[in-house]
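Visitor: Quick one: structure below, then a few questions.
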Amino acid sequence: MSCYRKRHFLLWLLRAVCMLHLTARGAYATVGLQGVPTWIYLGLKSPFIEFGNQVEQLANSSIPLNMTKDEQANMHQEGLRKLGTFIKPVDLRDSETGFVKADLTKRLVFDRPNNITSRPIHPIQEEMDQKQIILLDEDTDENGLPASLTDEDRKFIVPMALKNISPDPRWAATTPSPSALQPNAKAISTIVPSPLAQVEGDPTSNIDDLKKHILFLHNMTKTNSNFESKFVKFPSLQKDKAKTSGAGGSPPNPKRPQRPIHQYSAPIAPPTPKVPAPDGGGVGGAAYNPGEQPIGGYYQNEELANNQSLLKPTDTDSHPAAGGSSHGQKNPSEPQVILLNETLSTETSIEADRSPSINQPKAGSPARTTKRPPCLRNPESPKCIRQRRREEQQRQRERDEWFRGQSQYMQPRFEPIIQTINNTKRFAVSIEIPDSFKVSSEGSDGELLSRVERSQPSISSSSSSSSSSSRKIMPDYIKVSMENNTSVTDYFKHDVVMTSADVASDREFLIKNMEEHGGAGSANSHHNDTTPTADAYSETIDLNPNNCYSAIGLSNSQKKQCVKHTSVMPAISRGARAAIQECQFQFKNRRWNCSTTNDETVFGPMTSLAAPEMAFIHALAAATVTSFIARACRDGQLASCSCSRGSRPKQLHDDWKWGGCGDNLEFAYKFATDFIDSREKETNRETRGVKRKREEINKNRMHSDDTNAFNIGIKRNKNVDAKNDTSLVVRNVRKSTEAENSHILNENFDQHLLELEQRITKEILTSKIDEEEMIKLQEKIKQEIVNTKFFKGEQQPRKKKRKNQRAAADAPAYPRNGIKESYKDGGILPRSTATVKARSLMNLHNNEAGRRAVIKKARITCKCHGVSGSCSLITCWQQLSSIREIGDYLREKYEGATKVKINKRGRLQIKDLQFKVPTAHDLIYLDESPDWCRNSYALHWPGTHGRVCHKNSSGLESCAILCCGRGYNTKNIIVNERCNCKFHWCCQVKCEVCTKVLEEHTCK
């Protein structure tokens, strides 16, 4: 009989232990205190991108203007028209004229009438309307002028007719008149533009106004010395110089040679020295007369003025030119200005390059005093021919390089871009052009071969055969190009269709249309682009949609969005990684240093807490993801978005242009909201769904019925013999159960459960009880288990409100079982006021606060465009701030976070009414932070033991704060390093070995 009782007792004990295990897990399954999986795990290990060792940060090479050179030229002409016909004196101390002050920030206040009630607007538009405008100038000095300009540049103000922004090679070289070769004739050179140039307006139409204006400027320089310092002198227009211009007097050399006017513009190719044609066949058909003064305001340096001047007076008669157009005879004493217009092209004539000759001086003219260059004395020498070929090849390479830089801005007119451009091994883009849109090349085989030859990198040790072949190919190409007479702008008259991603690997994509016209070179030439471009992903990415189902930490709705928008996942992964790195930077000197684990919770069991630290993490992760998506849109890495299309801010000046290529905050804000908040909003989640809640309610009802039945049995057996140690057993069981409650969230839950079983068995076996008392004891144990786990926390009386709310906020929270337990024992407490709905509302609020932080720290950036630093045109766009700036802003919000609770209506409200209501930019939390000073097994937190601190610091990294008053250990570290290094001739560096003793302080 005793064996039967003992067997029955063991079976009952086993059933009680199993029931304890199941009820404990069921009670805390909805709370999720074992750690909540999060999508931030993509920052540790992502199937979409292979992370490197670098720190994630936004690309700072912003693109202020996403447009071609032609569009910039049109904008420049528009700005010149706004300046007026005559240039007025400029006061450098007046900012209204366009010069930038030292204070680059212009604050424009927009006052809205109070009586107007407007409907709610988008948060991005609301923030942009309140932004301060920052006017940028890359290199400015204390006066606000570009620091790269010299003194002569700062006082050089070019008249209207001289402002040619891009000399076009379509203007043909001047044709010499037949009568120019006749001696003893006086004429003025006739300039005949090419037929292509006649389509556009001739910039010499306002020549009379230009002359009057230049004379007006020189009269002003004589009366006002201050005014003279701001302008360039024109010696050829002075009256006394005009009278002696034909006497052979040499012009006085200025203190500093002025820059050519075309250098203030943006030419396609840099100007090269011109070689004069034989017998007056040079520019303007005039022969060179040494000793005479050049006419006009176009100045070269000393070498060009003595040897290769383009602007020369002539004494020959004027006759009709080849084109049939002629100019009337003019008085040689009248001041003349030869403009730098399109007829004076920067491109040299091929015939003049291949067969140059020397201008023979006339009879009676003074002999040349200086020795001419070798190429003028013997232009047919092999050395001079090679030099001319090298110059032509250099100009062609610069033109090709410029077109390659503009190839990425070629947008299709009829087809959208289906896929993005990613320079990776697994994902790349190829460009396909339909046959109906391809343009047949009219060039010969020599032209194609020359382009292939130019695209090869130049190697100093190249063979003689390759160099000779290039010499053979080059003249043919020059001949063909001159016969075809193709213009520079022909490259922009063709469309490019970007259709799909294909097989390009480890190289930049090439636009076929540009390649057919010689506009594209080698694949490695993108490093020399003049326009700043955003680099593609340097890491290897994999955009397979099947990776979304294997990604760890994503919810069901997030996986669905991942499949639909797989191309955005690398940006989200980089944003999650940047959030982890920024969190560790911001908290590196605090007690909790944002340590991570290798599981899907990223931060361990503390993710189940609604503490301020988790509020900061949620806000920072939402902010970084929004920033990286917005920057990826701007850089062209996503096919679903491009540059920002945001509306124009209200405080922006009317004359300023709103455009450029800004960060697409609108798309990033919407996508980040849908992706991140979907975990909190979905209704069929594992721990927060309606179905799970109903099962919990039904389970509570069943246990409530069982408890009522047990209470009836307890009332009948209220008096138990104290000699049998029944009360001692119940007390020990209660203590064991409460200890299990405090450690229920430990990862070693099974081990604690086994210890509890051993304690119960030991207490029962050591006590002397009979069969009837054992039955009563079973009922009491069962009652204690059920009441402790389920109903004691719900039946806890409501606490009275303390007068000191600060003390109440600093006091440790109470668990559901009503037992005061601090965090110092390693146990983790269940949330008292935070329910599942409150935690979801808290996460939604903090996510929105992170996105608002990105909008808050974004700025409106403007840049001046114009000649010599003048703001003839101002372009503005919106630009993101750095991740570090956003992290600093959110850390300040973390320090001022507000504690909230959920009310009866299911909404969050502040717990202490003395504090102000948090806005959408503030952080909120539900639970107080644990004690980070001591180790916690439940939180997987080792405490601050062994942390390095600073002894003499007064901040958070000081030993007094970081060590929590426990003191610190001091350790001396001896370091041997090289010092006092010196270089000895020859080729030796000798250093001494210095010994340093460093002190390291660690917390006890």
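Just so it is clear, glycine is given a Cβ too, placed from its N, Cα and C backbone atoms.
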Visitor: Examine the ranges 64-96, 790-822 and name the one recorded by Swiss-Prot as region 'Disordered'.
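Guide: Within the set 64-96, 790-822, Swiss-Prot attaches region 'Disordered' to 790-822.
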Visitor: According to Swiss-Prot, which residue among Cys871, Cys876, Cys933 is joined to Cys862 by a disulfide bond?
Guide: Cys876
Visitor: Could you identify, going by Swiss-Prot, the member of Cys864, Cys871, Cys994, Cys1003 that forms a disulphide bond with Cys963?
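Guide: Answer per Swiss-Prot: Cys1003.
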Visitor: Treating G and I as helix alongside H, and B as strand alongside E, what does DSSP give for the compositional bias 'Basic and acidic residues' (389-403) in helix, strand and coil?
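Guide: When I sort the residues of the compositional bias 'Basic and acidic residues' (389-403) into the three classes, I find 15 helix, 0 strand, 0 coil.
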Visitor: Does DSSP give Cys583 (disulfide bond) helix, strand or coil?
Guide: helix
Visitor: Name the residue among the disulfide-bonded residues Cys643, Cys871, Cys959, Cys994, Cys1003 whose Cβ has the smallest number of other Cβ atoms within 10 Å.
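Guide: Taking Cys643, Cys871, Cys959, Cys994, Cys1003 as the disulfide-bonded residues, the minimal 10 Å Cβ count falls on Cys994.
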Visitor: Can you check which residues sit near Cys991 (disulfide bond), meaning Cβ under 8 Å from its Cβ, same chain, 6 or more apart in sequence, and list them in order?
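Guide: Counting only residues 6 or more apart in sequence, the Cβ neighbours of Cys991 (disulfide bond) under 8 Å are Arg978, Cys979, Asn980, Cys981, Lys982.
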Visitor: Which site among Cys641, Cys949, Cys981 has the most other CB atoms no more than 10 Å from its CB, taking these as disulfide-bonded residues?
Guide: Cys641
Visitor: Can you tell which of Cys594, Cys633, Cys933, Cys987 has the least company, meaning the fewest other C-beta atoms within 10 angstroms of its C-beta, among these disulfide-bonded residues?
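Guide: Counting other Cβ atoms within 10 Å of each of the disulfide-bonded residues Cys594, Cys633, Cys933, Cys987, the minimum falls on Cys987.
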Visitor: In the structure shown, with every protein chain counted, which of the glycosylation sites Asn593, Asn952 has the densest set of Cβ atoms within 10 angstroms of its Cβ?
Guide: Asn593
Visitor: Taking only the recorded positions Asn593, Cys641, Cys949, Cys959, Cys963, which one has a CA atom nearest to the CA atom of Cys583 (disulfide bond)?
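Guide: Among Asn593, Cys641, Cys949, Cys959, Cys963, Asn593.
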Visitor: 10 Å Cβ neighbour count around Cys964 (disulfide bond)?
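Guide: Taking every protein chain into account, the count is 18.
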